[in-house]
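As written in Swiss-Prot, here are the features:
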BINDING   Val71, Gly72, Gly73, Gly277, Cys278, Val279, His280, Gly281, Ile282  NADP(+) binding site
BINDING   Arg91, Arg130  substrate binding site
SITE      Tyr137  site 'Critical for catalysis'
SITE      Lys187  site 'Critical for catalysis'
BINDING   Asp221, Asp246, Asp250  Mg(2+) binding site
Amino acid sequence: MVKTFDIVVFPGDYGGPEVLGEIQSQYEQEVTFNLKYHLLGGASFDAHGTPIADEALTDAKAASAVLLGAVGGPAWDKAPIPVESGLGRLRKALDAFGNLRPVKFIHPILTETSALKEQVCRGADLLIIRELTGGIYYGARQEHDGTLNAASDLDHYERAQVQRVARLAGTLAMSTQPPTPITSLDKANLLAACGRLWRGVVEETIRREFPDVELKHMLIDTAAMTLGCRPTKLNGIVLTSNMFGDIISDQASAIPGSLGLLPSASLCAIPGGESGGCVHGIYEPVHGSAPDIAGQGIINPTGMILSVAMMLRYSLDMPAAATAVETAVSRVIERGGRTRDVGGTTSTAEFGDQVVACLRENTEDK
């Protein structure tokens, strides 16, 4: 029986949908992808007067997964509504609570493009899990009154929010053999919400529900220093709160050498729960809209293509296909396929075509 997956696509660079087409051709006896395209961010604001239309939200909630390009740019800096808020509405509508950002070298040769010395970064392999629904970004906010004298933001977390993302981390840790160690980052020496509450709930949840998982706690400032000088000490799962995760995951992008190499997933449930192996999620490359190079055909599509691999693994329960995509990307890089951001001359389209060609080679070799 052929499975049908509805996937909502908010366009960015098109490496992702192209790879999906090739996956469908390889698994045509097993799967069909129905791609529905919608606008998000500035493009949606120009067309509909809102960063995301209600129809797009409805389709996204009904879909198996969402594939997302980059949002925003200087053309909308003076828009009456921040166009980036469309992504926030999408995450809230889908209850996306756990952001996964793997930080590693898809091929060892890329250690030479890292911002860190090769002997420092070689072997780095982290999965940063960032809580998305709580913390200072969602707490009560008091803007200054125009005099620039005072303003405030409330950092607020509830037990259930921390517990849910800790369970996500524990579940993913237990999916490997041996279980992947977890390092939880906080500021427990000074702060209440993303400090002592966070540490206490994570400690209780992992020790009680995932006793075989090695857990350690680290202050966020210590983690930032460690990431810059000995990143392999953080190998495994790195679990942290919304704001700390926002900052530390961007810092971690210096390890592989380009934001364009990194994928991400924002999951709406814990894999292996009531939904079995499939969970709804939003998949997007880490890089922004890159307005300075947009339209030149030189954006690195690796992050988008690897985001498709994450979608295949977490939302579509196609782990073999996910591994095939990752292997194809690694093989293209090994053969010299590199975009400008990592020292090459390969265009966006050429890189995507080469990945598709490698996928076909893998099929023919079977």
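Cβ coordinates are placed from backbone N, Cα and C, and glycine is handled just like the others.
It should be emphasised that the depicted structure is a prediction, and the values quoted were computed from it without experimental measurement.
The local packing around Gly73 (NADP(+) binding site), expressed as other Cβ atoms within 10 Å of its Cβ over all shown chains, amounts to 18. Ranking the binding-site residues Val71, Cys278, Ile282 by how many other Cβ atoms lie within 10 angstroms of each Cβ puts Cys278 at the bottom. Cβ environment of Lys187 (site 'Critical for catalysis'): Cys194, Gly195, Leu219, Ile220, Asp221, Phe244 lie under 8 Å away, each six or more residues apart in the same chain. Considering only the recorded positions Tyr137, Asp246, Asp250, Cys278, Ile282, the residues lying within 10 A of Arg91 (substrate binding site) on a C-alpha to C-alpha basis are Ile282.
Closest to Asp246 (Mg(2+) binding site) by Cα-Cα distance, out of the recorded positions Val71, Gly73, Tyr137, is Tyr137.
Around His280 (NADP(+) binding site), the same-chain residues six or more apart in sequence whose CB sits under 8 Å from its CB are Ala63, Ser64, Ala65, Val66, Leu94, Leu267, Cys268, Ala269, Ser315, listed in sequence order.
Comparing Cα positions, Gly73 (NADP(+) binding site) lies closest to Asp250 out of the recorded positions Arg130, Tyr137, Asp250. The secondary structure of Ile282 (NADP(+) binding site), as reduced to three states from DSSP, is extended strand. The candidate set comprises the binding-site residues Arg91, Arg130. Of these, Arg130 has the most other Cβ atoms within 10 Å. When the Cα of Tyr137 (site 'Critical for catalysis') is compared against those of the binding-site residues Val71, Arg130, Asp250, Ile282, the shortest separation belongs to Arg130. In the three-state DSSP assignment, the secondary structure recorded for Tyr137 (site 'Critical for catalysis') is coil. In the three-state DSSP reading, Arg130 (substrate binding site) counts as strand. Same-chain residues that are not part of Asp221, Asp246, Asp250 yet have a Cβ within 8 Å of the Cβ center of the Mg(2+) site turn out to be Ile220, Ala224, Met243, Phe244, Gly245, Ile247, Ile248, Ser249, Gln251.
Using a 10 Å radius centred on the Cβ of Asp246 (Mg(2+) binding site) and all shown protein chains, the other Cβ atoms total 16. When the binding-site residues Val71, Asp250, Cys278, Ile282 are compared by Cα distance to Arg130 (substrate binding site), the shortest distance belongs to Asp250.
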